[in-house]
Amino acid sequence: MSAGPDTPAALWRRNLPVWAALMALLALSAWAAYWPFKTLNTVTGFAIAGAKAGLVLLVFMQLRRASGLVRLAAACGLFWAAILFTLTLADVLSRLAGG
Amino acid sequence: MFARLMPEAASVQAGLTDRIFLGLTIVSGLTLALVVGLILVFAIRYRRGSKADRHPLPAIVSREFEIGWTAATIFLFLFVFWWAASAEIGAYSVPRDAIEIHVVAKQWMWKTQASNGAREINELHVPVNAPVKLILTSQDVIHSFYVPAFRLKRDALPDQLTETWFQATKTGTYGLLCTEYCGTDHARMLGRVIVMEPEDYARWLSAQPEGDDLAHQGERLFSERGCAGCHAPGSTVHAPDLAGIWGRPVPLEGGRIATADAAYIRDSILQPGRDVVAGYRPIMPSYAGLLSDGEIQALTAYLRGLGSAPAVARTPGLPDLRSNVPGSAPERSPAMVPGAPVQDRPAPAGPAVRP
Amino acid sequence: MSGAPGEAGAAAHLREPWSELETGPAAAFARQRDGATFGIWIFLASEVLFFAALFLIYTAYRIANPEAFAAAGRATNIVYGTLNTAILLTSSLTMAMAAQGAEKGLFRRLTLGCLAATAALGLAFLVVKGFEYREDIEKHLVPGAHFALRQAPAQIFFGFYWLVTVVHAIHLGIGIGLVTRLLVKGWRDPDVLTENPQVEVTALYWHLVDLVWVFLYPMLYLPGRAG
Amino acid sequence: MSAPVAASPTGLADRDELDLGLPPSYLADGHGVGSWLLTTDHKRIAILYAVTITLFFFLGGAAATLVRLELFTPEADIVRADTYNKLFTLHGVVMVWFFLIPSIPNTLGNFLLPLMIGARDVAFPKLNLVSWYLNVGGGLLAVAALLAGGVDTGWTFYVPYSTVFSNGWVSLTVLGVFTTGFSSIATGVNFIATIHMLRAPGLSWFRLPLFVWAMYTTSLMFVLATPVLAVTLLLVFAERSFGLPIFDPARGGDPVLFQHLFWFYSHPAVYIMILPAMGVISELITCFARRRIFGYTFMVYALVAIAVIGFFTWGHHMFTSGMSSYAALVFSFLSFIVAVPSAIKVFNWTGTLYRGQVGFESPMLYALGFVGLFTLGGLTGLFLASIPVDVHVQDTYFVVAHFHYIMVGASVSAYFGGLHFWWPKITGRMYPETWARFAAILMFFGFNLTFFPQFIAGYLGMPRRYHVYPPEFQVWNVLSSSGAAVLAVAYLMPLGYLTWSLLFGERARNNPWDASGLEWRTSSPPPRDNFFGAPRVQGGPYSYHPEGVAPIHDQPRIPAQGSLT
C-alpha cells in the first residue's frame, strides 16, 4: 500500500505517470518501426511491447505488491508458454535450416 | 509359432528395430513379472489375518528404497534411450549412391517415380541390397508410407517434401500400407513393394513402356481441338486460364458462383454461353457434337490433373516448398512441384472435394 | 461516500463457502478476496497459454515467410492500429483507477466515473476496429478468391489477423459487459462496489485483454514499415 | 430407518442419530428438478456429472462395439467405410472429451475434494455449475453433429483433412469440444483455488491425501493445456467455416504445426486421465492394505513431476510426421524421463502392500488390476519413446493397445474402483459385494483379452483406423473382438447392480471400510454443509496404524487425521 493520504488526487498521481510512459513507449514503437533496419525494428517492437506489458502488470495489475501465490500463478502462465514456444520452434527452426 | 508373432524382416533397419524391440520386450517382461510377482506374493502372504511376520519397517529403509529404484529406473531408461537414439542417428545419412524414388500420395493411391524413369501406381520395384531413398509428398491430405517388413514409415505431407530411405535384404513382395488416416478408403490405400535381384530389376526396368493415359489424351486434345489457342497462358484471346481451376469456386457473370467440377466443365464445353465467367465476353463456340463423351472425359481428366491450386494466382513452385531435402524445387522431379505442367498425371481416383 | 468497510460490509459481501470459515467475517472476507484474486490469476495464466498458442503460430509462419509477412504487415492501417492501442492503454489507466478507488472504498464517484470511461473507451476501440474492418474488406484483405496481395503466405497473415482480432474483440466485448454490469450495480447501490472482489477481478481481466493487444500491435501493424 | 445399524468405529453420528435433529443429507436437502439443475452443491454437481458421463460412456461404448464387430472379419460386412470412419471418430471424441477427461476429476473429484480438505464447498460454487453446463452444452453439440450425419476425421482432427477434405460435420464437433474445454478450465481454476484457500485448519500441504494432490496436478494441466487445444480447434473451425487459411498447405500453411499444438494439449490430456486415477488408487491400496502409503513424499513429488514433465514430451506422437530429426531426439529423451516418476509410483504401491493386512474387497481388486494394467501400459510407452521402434508401430494397433491400457485399463479401472469405494459415502447404500468382485475380475480379464492381442497385431503391422484389413491379422482381431464382448458385459454389470443398490442396497455406515480421511468423518451421505462442525486436522493421511508400528488386524484405529470439534 502506498503511503500518504488516500485521495483521488493521490491515486491519479500514482497512475498517471505510468499512463504517460505507456503513451511515450507507444509513440516510440510506432516511430521505430520506420527505422531502416529490418531485424532491429522487429526486436525493438517486441521489446517495447514487453516493457509496456511490464508496466501494466506491475502497476495496473498490482503484481508489484501481490502475494507470492499470485506471482507464481502469473509466472506459471509465462513458463508454460515458454515450453510451448521452445520445443515447437526447436522443430520448426531446424526444419527451416535443413530445407 | 514365434514366426507368427514377428513380422517378416526384409531390410537393414528391420534387424536393428527388432533387436531394440526384443530388448525392450525382455526388460518389460522382467519388470512386469517383478511387479506382478511382488503384488501376488505380498497380497497372499500379508492377506488379512494371516500369521505372517509384520515387524515395522525402519524409516530409513523407505528413503533408501526410494532413491535406489529411482536411480535404477533413470539408469535403465537412459540406457534404452541411448541404444535407440544411436540406432536412429546411425540411419540419418542416406548413402550417396541411393536410388532416388519420388512418391506422390493421394486419396487413395500411391504413385512412384524412380529417378531412372520408371513410373508405377500402387507398386514399387526395387533391387535387393541397394539403398533406396524415398522423397515423399502428397497431393491432398497427409498420408503415411508404411512397409511393415522394412520397419519403415514416413508421412507424406501436402506441399512439403519428406524423405526416408531403406535397403531391402530379401527378395519378395511386401505390403505397402497407408497409416495416416486419410478419408473414406484409407484402409484400401494399399500397394506392394517388389524386391528383385539386380538383374531381374534391370530387365523389368527396360521393359517399362512410356506411359499414356487419359490425362495425356486430354492434353493432346487440348491443343489439337484448339482449346489451347484461347485458354493457354499467353494467348492473345481474352479467355480464362484453366490451370488450377479444378474444384475451385468460379465467379460468374451476374454474381453467381460455380464450382469447377466435372459437370461445370462439361457444361462449359457444350453450352459455353450459359455460365460465363465474370469479366469475360461470351465468345466461345459450343463444342456440342464435335467432342465425344470420352474426349470430354479426357479433357476433364487433363484439367483435373492441372490441379486444384488455390484461387490465388500461383506460379508453379510458389510458395517455395519447405522440406528437409536439399536443393531447390525446380531441380527435382516435376511431379514434385504442385501446379507444374503435367506430364505424368493420370486421372486421380476421385479426390474428395469440400461440398 | 459511504459503506464503511469492516465487519458489516464484509459480512454483506461474504459468500459460500467462505462464510463457513472459522474466523470473523472480516478475516473470512479478506480470504474470499484473496481467493477471487488468485482464481482470476489462474484463469489469466490459462488465457496466456491461449494467446501464446496463437502467437506461436504467427511466429513460426513469420520466420518461414518473412517477405510475405512484411508485405502483409504493410497493408494494414497503422493509424487505426496505433489509435486503438492508445485507446486501450488509456482504458487500462481508467480501469486501474476504478479498481484502486473501489479497493479503498472511499471514492464512489471516481470509481463510477472511471468505470464509465473504461466501458466507453472499450466501445470506442470496437468502433475504430469496425472502421478498420470496413477498410480491410474494401481493400480485399480477406483471404480468398479476390485477395489483394500476391504472395500466398500473406493470406495466412490475414487469416491470422482476422481470427486474432475477432477473438480479441470478443474478449473485449465480454470485458465491456463485465464493466457495465459493475457500473449498473454501483449506480443502484452505493455500497456494492466497496471492497467488492468483483471489481478487481474485472480489472485484471480487462488488463489482460489490453496486454494481448499490446503484443498484437507490433505483430500486426509494424512489420515491413521500413521497406 | 428402523434397521439396527452398528455403531461406526469412529463413534460419529450414524443414521439413527441423524433423525435426532441433525441436518438432512445433501440428497434429501431439496427435491425437484430445479434443486438439482440449479444447485451449487459440489456433491450434487458431482452427481450431475456422473449421470452425463455415464450416458456418454455407453454412447462411446456402443460405437466401439460396432467397430469391434466390423473388425471380426477382414472384409467389410456390417458398415460401409464412411460409417466405420464416423464410428471410430465418435468413439474417440466421446470417450476422450466427454467421458475420460471429466470422469474422475468431475465426479469423484467434485464430490470428494471439499470433503477431503474439510471445506464446505469448492471456492467458486457457481462456476462449478457453469462448468457442468459447458460440458453438457459441448456434449450436445457433439451429439448434434452425430445425429446430423457424423464426423469422419478421427478424434485428432488432423489438417488438412479436417479443414478441406472431410465432408462431415467437423465444425459443429470442434465447437462442441471447444466448449467442453472451457468446462475443464473452469474446473481447474476452481480446484486449484479450493486447495490453496480452503484447507481445514491444520491440513498442511504434506498432510493432504494423495487424491487431493492428484486433483491439484490434474487441475494444473487442465488450466495450462486446455487453452492450447481451444485455440487449435478454433483455427480448424475458422479455416473450415470462414476460409481463414491458417494451415492450408497450398498457401504455405504447415500441417505439422497443427500437430504440435494439438499434442501440446493431447499428450498432457493423457496425464489428465491417469493422474486422478493414480490418486484414487493410492487411497484404495492404503485402505485395503491397512497400511500407510509407502514413500508419501516421493508419491507427491512423482505426481508433480509427471504433471510438469508431461508437458515436455508431446513430440513423440510425431516421430514419423516429418518433424525434424533433432527435435525428435529431444522429445525421445524427455519421453523416457517422464516414465521415471510413473515407475516410482508403481514401486510404491507395491511396497505399500508389504507387511500390510491385505483385504480383497472389490475396490481393492480394481486397484490391484490397475497396477498391473498400468505397468504394462507404461512399459509399452517405452517402446513408443524409442524412435526406431516407434517408426514401425506408430499408427498401428500397437499404439491403440498402449493407450487403451493406460486410458481404459488403468483409468477406467480406477474410476470403477473409486466409484465402488466411495459409493456408500455418495449414496448412503452398500452395493452387492459378490457381484462387484465378479465384475472387477471379469473386467480385468475381458480387458486383457481385448487389448493384448492388439499389441501383437500392431507389431505385425496392422494399421489403426482400418475398416478392412489383410486376412493375416484376423486371428488377433477375433481374439480382440471376443474380449470386447466380455468387457461389454463387465461394464454393464455395475450399471445393473449399482442401480439396484440405490433402491434396495443395505444402508451404509458412515465409514464402512474403516478408512482414514476426512470424507469418512461425516455421515453417509453427507449433509449439505459436509460436516457437522468445523474439522481440524492433527496428523498426516493414511493413519491406518501408528507411526513405526506395523498394522495389526482389528486393532482399533487411532483417530489421527481428523477430529470434529
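Indices start at 1 and increase along the chain as displayed.
The backbone N, Cα and C atoms fix where each Cβ goes, and this holds for glycine too.
Those TrEMBL annotations? Automatic predictions, nothing curated.
What TrEMBL lists as domain 'Cytochrome oxidase subunit I profile' is D:36-538.
Non-local neighbours of the transmembrane segment (D:46-67) in the same chain are 36-37, 39, 78-79, 84, 87-88, 90-91, 94-95, 98-99, 102-103, 106-111, 132, 135-136, 139, 143, 426, 484, 488, 491, 495; each lies 6+ residues outside the stretch with a CB under 8 Å from one of its CB atoms. The feature transmembrane segment is assigned by TrEMBL to D:46-67 (among others).
The annotation transmembrane segment is assigned in TrEMBL to D:87-108 (among others).
Annotation comment: TrEMBL describes D:129-149 (among others) as transmembrane segment.
For D:169-198 (among others), the entry in TrEMBL reads transmembrane segment.
What TrEMBL records for D:210-237 (among others) is transmembrane segment.
According to TrEMBL, the feature transmembrane segment maps to D:257-281 (among others).
Annotation comment: TrEMBL describes D:293-314 (among others) as transmembrane segment.
Beyond its flanks by at least six residues, the transmembrane segment (D:326-344) meets 295, 298-299, 301-303, 305-306, 309-310, 312-316, 318-319, 374, 378, 381-382, 384-387 of its own chain at Cβ-Cβ distances under 8 Å. What TrEMBL lists as transmembrane segment is D:326-344 (among others).
Sequence-distant contacts of the transmembrane segment (D:365-387) (same chain, six or more residues past either end, CB-CB distance under 8 Å): 274, 277, 280-281, 284-285, 288, 316, 319, 328-329, 332, 335-336, 339, 342-343, 346, 349-350, 393-394, 398-399, 401-406, 409-410, 413-414, 416-417, 420, 437, 440-441, 443-444, 447-448, 455. The annotation transmembrane segment is assigned in TrEMBL to D:365-387 (among others).
Cβ atoms under 8 Å from those of the transmembrane segment (D:399-423) belong to residues 95-96, 100, 103-104, 107-108, 111-112, 270, 273-274, 276-278, 280-281, 283-284, 287, 362-367, 369-370, 373-374, 376-378, 380-381, 383-384, 393, 429-431, 436, 439-440, 443-444, 447-448, 450-452, 454-455, 458, 464, 494, 498, 501, 508, 513, 519 of the same chain, restricted to positions at least 6 beyond its ends. As annotated by TrEMBL, transmembrane segment applies to D:399-423 (among others).
The transmembrane segment annotation in TrEMBL covers D:435-456 (among others).
Here the transmembrane segment (D:476-500) has Cβ contacts under 8 Å with residues 54, 57-58, 61, 64-65, 68-69, 71-72, 74, 397, 416, 419-420, 423, 431-432, 435-436, 438-439, 442-443, 445-451, 453-454, 456-457, 460, 462, 469 of the same chain, all six or more residues outside its ends. As annotated by TrEMBL, transmembrane segment applies to D:476-500 (among others).
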Given pairs 6 or more apart, does the transmembrane segment (D:257-281) have at least three Cβ pairs under 8 Å with the transmembrane segment (D:87-108)?
yes
Are there residues at least 6 beyond the ends of the transmembrane segment (D:129-149) whose Cβ is under 8 Å from a Cβ of it, and what are they?
38-40, 45, 48-49, 52, 56, 59, 86, 90, 93-94, 97-98, 102, 106, 168-169, 172-173, 175-184, 186-187, 190
Over the domain 'Cytochrome oxidase subunit I profile' (D:36-538), what is the model's mean pLDDT?
94
